[in-house]
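The heme binding site annotation in Swiss-Prot covers 46. Among the features that Swiss-Prot reports, compositional bias 'Low complexity' is placed at 86-207. Among the features that Swiss-Prot reports, disulfide bond is placed at 27-66, 31-61, 41-49, 51-82. The domain 'CFEM' annotation in Swiss-Prot covers 23-109, and the record cites sequence analysis as its basis. Among the features that Swiss-Prot reports, GPI-anchor amidated glycine is placed at 215. What Swiss-Prot records for 86-208 is region 'Disordered'. Per Swiss-Prot, signal peptide is recorded for 1-22, and the stated evidence type is sequence analysis.
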């Protein structure tokens, strides 16, 4: 169906060109058919579509494939065939431009409204952020104060602990000194007792030796006396 419409449209274009120009160049027909085939123009408005949207493509094709003498003739024939559609194209373009300007105005209004809304949102967000920042700074100040108080208390506790440790060390040194002194005194007394005991033992031993010597001498004297008496009696 689409191919039939294109063929019928091409026939209509050829007949239009023939009424405009008695004998249109063959290259003109070839270029119109080529451009119409590669474009989106279809239906009964093919010639209008080609004249308004593809006229530059047709002229370029004519300059490329038409002989030198036929190119200008073909371009003139194409322009004369599209003369009625060019005025329609101008009115369509003006309508499109007015519609575009209206759309631009509407877009500008919408953009302005959107910008105003965004500005309000930004201001509200900025206010909230300021409040949040103040609350955060207050909380940070409170936290710093608590931290400072905690550090002070920790420092005081550390000082007290250090003082207690120093006192304990002093007490330990004094106890060690007293224990050393007591041990030294005990050792001295023990040495003195040992010396006295040794002296007493030596004295006792000497006395025993002297007593034993004296007993032996008495026994010897008594024996001599008994012998002397026995000799006298004999």
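For all residues, glycine too, the Cβ spot is worked out from N, Cα and C.
It should be emphasised that the depicted structure is a prediction, and the values quoted were computed from it without experimental measurement.
Positions of the features from Swiss-Prot, shown on the structure.
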residue : record         : contacts (Cβ under 8 Å, 6+ apart)
27      : disulfide bond : 62, 65, 66, 67, 70, 71, 74
31      : disulfide bond : 58, 61, 62, 65, 66, 74
41      : disulfide bond : 49, 50, 53, 54
82      : disulfide bond : 47, 50, 51, 52, 55
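Counting every protein chain shown, the number of other Cβ atoms lying within 10 Å of the Cβ of the residue listed as 'heme binding site' is 22.
When other Cβ atoms within 10 Å of the Cβ of residue 66 (disulfide bond) are tallied across all protein chains shown, the result is 20. Other Cβ atoms within 10 Å of the Cβ of residue 61 (disulfide bond), summed over all protein chains shown, number 21. Of all the disulfide-bonded residues listed here (49, 51), the one with the fewest other CB atoms within 10 A of its own CB is 49.
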